[in-house]
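Peer 1: Below are the structure tokens for one structure; questions will follow.
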């Protein structure tokens, strides 16, 4: 009798239980969606389809029930059958059969339909649970539907992953996820508190979507039916903590450090009376101080983020507001009673107006207790009153009210105006006004635009990373109803939109206005998202629908960002646990030894009476005695070191970008050492790798290639990897086809205007000028034409046409005017021609081309077409010939590159074990000269293995620029005609015949052009082909009827349009090709190459299209000549077609049994894994787009297979990815590879989620603003700065922190082991060897400064060395500086030195000096020797970079120790166990034996350390040891400085300096 949200229909029905909405479909279905509370990742959907025309259910709409899925009780809307219904009727069987249609479950699923009185069931087997979703009826037998009888479907019809996918071999499904690890209870509590104090309500579902009341007269806050409260404010919050959760989360974070928990336990034991031998509060007070310092530092970082948010939230926005008078200012001469009467009248009118609500029955009614709503303040959405003097727009009021005539007398109608208010005060339902170049403050529905056809131009770089302009068209109905403010104030109705979500590409909604009949449908074209920039639109009126954290850009940001902890902290915590276990073990041993000693010795000593101790006090006393083996200042000193390291990073001049005055900013100093251990870099493309500046580089026309002179010098601007490779053996021969510059081309066309070649050139240039959608505008100030386009490619092409004499000067809906002139002659007379635009066939990803049909000035109709090579070739008149030539050119190109593949495989196989200079060597010093002599060849060899060739030291930089190639084709084909690039001026007559001959040889023309296109693509350029066709009038009119019918179709419109386009885009004449460079930032290819050499894997995650991403991959070196590029889900990608694999190695793969995309992807991934394991791939790059990734996510096994393959690949390119998909990729790599350290770098707001998800987040402060920079851990000005940040500061920080931690553990264990060694001499009574005041100052005055100096100033290698040799970065990746082996090495030295110092001192001084052999003199001798041994070791043995500050610190520490001895000698109490008073000054301090013993012990201990270091460096030298030696040679240093000059502009020597040095050396 009851069901939630089900509506019957004679043709079927559909209901969505999760959304509680009713939607009709022809086939009849209802969706049952079960989602876990609190999560948005897992969702179970059951589609039940009724094919019968009659509905056999009696239904009501108000009850919720429960259902058991996976053993969890979930609250769901359920279906109940009418008790009177006959379950045995025929309709019941039809009902049961219809339940067999099921959609996706998140794992291997089985659905059972249970009739009434049957309880829910659950089955699970092993890891993969077989889930059963149950629907209960009131009575009847049980029917179970096996999985084989179910027809799986997907909510997305395009989802490929559930239809007959083949089984995946289990060896490829070995999950490396850390899903079986025991969860950290502190992390669990942290997550709980985070969710408790900052509950996220954005994902709650409403029953009918969000209903927004449109009523400009009502300024009251609208109510969100999901929460019963006003809609979320428009303020944003990027800070990690709030005032409620900061203290508890920080306490948890601090005590997640094992050392802090250890000292808390010690402090508790110390405060128990009678247990401590060192005092009561000596641990708890320092512990609280150190923890408070750490919490305050984190709080300061969080406060800085809060202030940045406040700046963002206070940006001014114009909102439509009203007041009772205009403005509500009372005249000064008004009487007191008159002003009072005016206020009372205004209050009553506001109260009555606030009760006006929409008559929609779904709007919640206001209760009688609700206070009356008054006109709002522009500064606060919750404030009911408008300020007395509102900030009114300076323009005159657009609504002329009679109220303005009498300012002091209230009237019936309010005055509307545009009030400037803070962005945070914009509310849902507000109507806002925006002007050009403003940033949208919230997600809005566009209402009106003054541009023709209601066009709106926006830049969405902050959302998807694309800086190209996008066009939105305002709905024509809305545009007619919202022309000005007079129309806006009359606007009344409701707007229903979907609930807040993060989908940037789909939107559904509708608007119902009182002034018109029916509803206005709303789509993604009608909505503008927060963060977008309004361009070329003078004014925009818009309705706010989503605000603050519910806006799309914030929905795609990571919420409740967890505190990032460095990887080294895990190892440090484990070592602390080990030391604690060691302390407990030593305490237990000493306690047991004490009872043995008590039984055998103490009982016989008559002078020891009443001295027996129990087990617990003696055990605790030993634990407290040894507890400082873990220094209490460990983590606080690390914070001090990080503060100084932060200063060094931020003051680095090499990381300063002067163009926008940006320096490197460190926002999370706690993870500085993570920069030295990065294994994966995830990078955005637009604005991060590129400048998003398209540069027209080359064109090919008539079978000859030309370099555009508008492009800058290739060496200076080219970001292609090939810019430095042309002199290497891998030089593509096709680049030699470049004949000259476009200036020479124009000169030839001008001098020979009537030749066939010239005519071909002119029609090609006309194609450039016509086939686009750019809008021209004239800049009066600079007297030039500027263009706006949604595509930067088109912008570059139109600019090129302008430079070549075809200037687009005007454009409207149906015409295009071009001014023709000869650019080489400033006195030429331009001619303007107007072309009537008949049709524009827009570009689609399926067609991969666009066409413009125009009527020429002479009346003829011509179609101009441009697109990808694959799209144009099949549309040509000579398509068969073109396909054959394209295939032959491709085959020849692949044959050439197969040689490079074989060489790369050989290089990779030779370097499998990472050949370095660390092979076994009998003597480092003996072979040092060999290394120095071969350093140049070694560096060249490492570059060659990465496919990079760079100039030698003695080569002038000017000589290494790309040399212009010359032509090599003749009439016979294949022979080189010219050796000089300037042959046009010398052999015009011969060349003219050459050009004309090729225009009559179609086969040769195609062959040459395709060679050019391959060469351009290999060079990383974006290529397009052009074609045209003249059309008869009758043919065009016939086609126009078909095209118009497709345009007016209400169903399958795009398909019909594509079919119509195919009818006219045929039999085209080939015109030529162009090559555009998406200009990379300076140094990007070199930076990415350095990352590869360092062993770092590079993933490019971009929102751009696939072709663009692949082209950029070629340009920046992610895709190499010998790379195998696998495009997921693309059959062409499997075959290695030119479209997706530009000359790369073909992946050997049998055809999948079906064309099912899921089967195809499984075959692709399995083949990749097999090839990787067999080492048959030189370089693997996987390309996947966002839609394919979304489909893969729905199949856990396929997704696991993809991740396992992707982490093995050399690089991954993810295109068309949303912000959350970027974050998902980072998260999956983190979870899959336990030891991976991920770094994400981006510059836009769409990169924030990825940046916050990675271990290290880096934001680039660039053209897209500071959103990413503010949310990152580090911010830099350019991508190339990443190299020094990682290789220098990251590596140094890792080495410094490693040596600091090791040095701290070393000094504590060395110092306190001698306490344990002394215990047999004092009967294991816990007697301390050292005086208590000295112990108190040991970690603060006498041993901390030198080890902190080591952690601040250490540089094991210079900056030029670590940048010139990126392989040295693997020291951090492999954890070579800080691991258990290195730790035990330091412990061994401490253990040996402790025994040596104690027993040598005991032998030389303790037993022979009868005058001064008391425990104080003996202890001070060992104390003094220990201090000098520790500090000398840390400064002179362990530190490679010894500076004056380290020496000063050592001297100050030594002086502090002797001053301390002088102080206690004068002021120490007389009555004490330690006879310290006057001892140092008057007794053992004057004894030469005391000083000589100390010096002898120091020399012995340090000698052991030096000998151990020499043996290690001789027998097992590391890369660092070798390059430390090499740096001692001036030539090697100069060579390294030259190699690193690209990244060290402040210190790089010039080529002349290098050459001068080499001459002086000779």
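Cβ atoms here come from the backbone N, Cα and C positions, even for glycine.
From Swiss-Prot, for reference:
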REGION    1-38  region 'Disordered'
TOPO_DOM  1-275  topological domain 'Extracellular'
COMPBIAS  12-21  compositional bias 'Polar residues'
REGION    55-94  region 'Disordered'
REGION    115-134  region 'Disordered'
REGION    146-166  region 'Disordered'
TRANSMEM  276-296  transmembrane segment
TOPO_DOM  297-574  topological domain 'Cytoplasmic'
REGION    347-406  region 'Disordered'
COMPBIAS  372-381  compositional bias 'Pro residues'
TRANSMEM  575-595  transmembrane segment
TOPO_DOM  596-614  topological domain 'Extracellular'
TRANSMEM  615-635  transmembrane segment
TOPO_DOM  636-1309  topological domain 'Cytoplasmic'
BINDING   684-686, 794, 843, 845, 848, 866, 1022-1023, 1102-1104, 1181-1188, 1216, 1222, 1246-1247  ATP binding site
BINDING   684, 686, 1243  Mg(2+) binding site
MOD_RES   954  phosphoserine
TRANSMEM  1310-1330  transmembrane segment
TRANSMEM  1333-1353  transmembrane segment
TOPO_DOM  1354-1381  topological domain 'Cytoplasmic'
TRANSMEM  1382-1402  transmembrane segment
TOPO_DOM  1403-1414  topological domain 'Extracellular'
TRANSMEM  1415-1435  transmembrane segment
TOPO_DOM  1436-1443  topological domain 'Cytoplasmic'
TRANSMEM  1444-1464  transmembrane segment
TOPO_DOM  1465-1490  topological domain 'Extracellular'
TRANSMEM  1491-1511  transmembrane segment
TOPO_DOM  1512-1562  topological domain 'Cytoplasmic'
Peer 1: Please tell me whether the transmembrane segment (1491-1511) and the transmembrane segment (1382-1402) touch - that is, whether there are at least 3 C-beta pairs under 8 Å between them, with each pair 6 or more apart in sequence.
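Peer 2: Output yes: the transmembrane segment (1491-1511) sits against the transmembrane segment (1382-1402).
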Peer 1: Out of 684, 1104, 1243, 1247, which has the highest number of nearby Cβ atoms, where nearby means within 10 Å of its Cβ, if these are the binding-site residues?
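Peer 2: Going through 684, 1104, 1243, 1247 one by one, the largest Cβ count within 10 Å is at 1247.
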Peer 1: Are there residues at least six beyond either end of the transmembrane segment (1382-1402) with Cβ under 8 Å to its Cβ atoms? List them, or say none.
Peer 2: 575, 1298, 1302-1303, 1305-1307, 1309-1311, 1313-1314, 1317-1318, 1376, 1418, 1421-1422, 1425-1426, 1429, 1493, 1496-1497, 1500-1501, 1504-1505, 1508
Peer 1: If you draw a 10 Å sphere on the Cβ of residue 843 (ATP binding site), how many other Cβ atoms land inside?
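Peer 2: Counting Cβ neighbours of residue 843 (ATP binding site) within 10 Å gives 18.
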Peer 1: Per residue, counting other C-beta atoms within 10 angstroms of the C-beta, which of the binding-site residues 686, 1022, 1184, 1188 reaches the highest number?
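Peer 2: Answer returned by the neighbour count: 686.
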Peer 1: So, three-state DSSP: helix, strand or coil for residue 1022 (ATP binding site)?
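Peer 2: The residue in question, residue 1022 (ATP binding site), is strand (DSSP, three-state).
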Peer 1: Sequence gap of 6 or more, Cβ distance under 8 Å, 3 or more pairs: do the transmembrane segment (1444-1464) and the transmembrane segment (1333-1353) meet that?
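Peer 2: The answer is yes, given that the two segments have at least 3 Cβ pairs within the 8 Å cut-off.
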Peer 1: Mean pLDDT for the topological domain 'Extracellular' (1-275), rounded to an integer?
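Peer 2: Within the topological domain 'Extracellular' (1-275), the model's average pLDDT equals 51.
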Peer 1: For the C-alpha pair, I'd like the distance in angstrom between residue 1184 (ATP binding site) and residue 1243 (Mg(2+) binding site), rounded off.
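Peer 2: That comes out at 22 Å between the alpha carbons.
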Peer 1: Using the alpha carbons only, what distance in Å do you get between residue 1243 (Mg(2+) binding site) and residue 684 (ATP binding site) once rounded?
Peer 2: 8
Peer 1: Same chain, outside the topological domain 'Cytoplasmic' (1354-1381) by at least 6, Cβ under 8 Å from its Cβ: which residues?
Peer 2: 568, 571, 575, 676-679, 914, 916, 939, 942, 1090-1091, 1093-1096, 1237, 1283-1284, 1286-1288, 1290-1292, 1294-1299, 1301-1302, 1438-1441, 1518-1520, 1523-1524, 1526-1527, 1533, 1535-1537, 1539-1540, 1543-1544, 1547
Peer 1: For the topological domain 'Cytoplasmic' (1436-1443), give me same-chain residues lying six or more residues beyond its boundaries with a C-beta closer than 8 angstroms to one of its C-beta atoms, as numbers and ranges.
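Peer 2: Long-range Cβ neighbours of the topological domain 'Cytoplasmic' (1436-1443): 1299, 1303, 1349-1350, 1353-1357, 1502, 1505-1506, 1509, 1524.
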Peer 1: Return the member of 843, 1022, 1104, 1247 nearest to residue 686 (Mg(2+) binding site) in space, with distance defined Cα to Cα and candidates limited to these binding-site residues.
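Peer 2: Going through 843, 1022, 1104, 1247 one by one, the closest to residue 686 (Mg(2+) binding site) is 1104.
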Peer 1: Do you know the DSSP helix, strand and coil residue counts for the topological domain 'Cytoplasmic' (1436-1443)?
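Peer 2: Residue counts for the topological domain 'Cytoplasmic' (1436-1443) by secondary structure: 2 helix, 0 strand, 6 coil.
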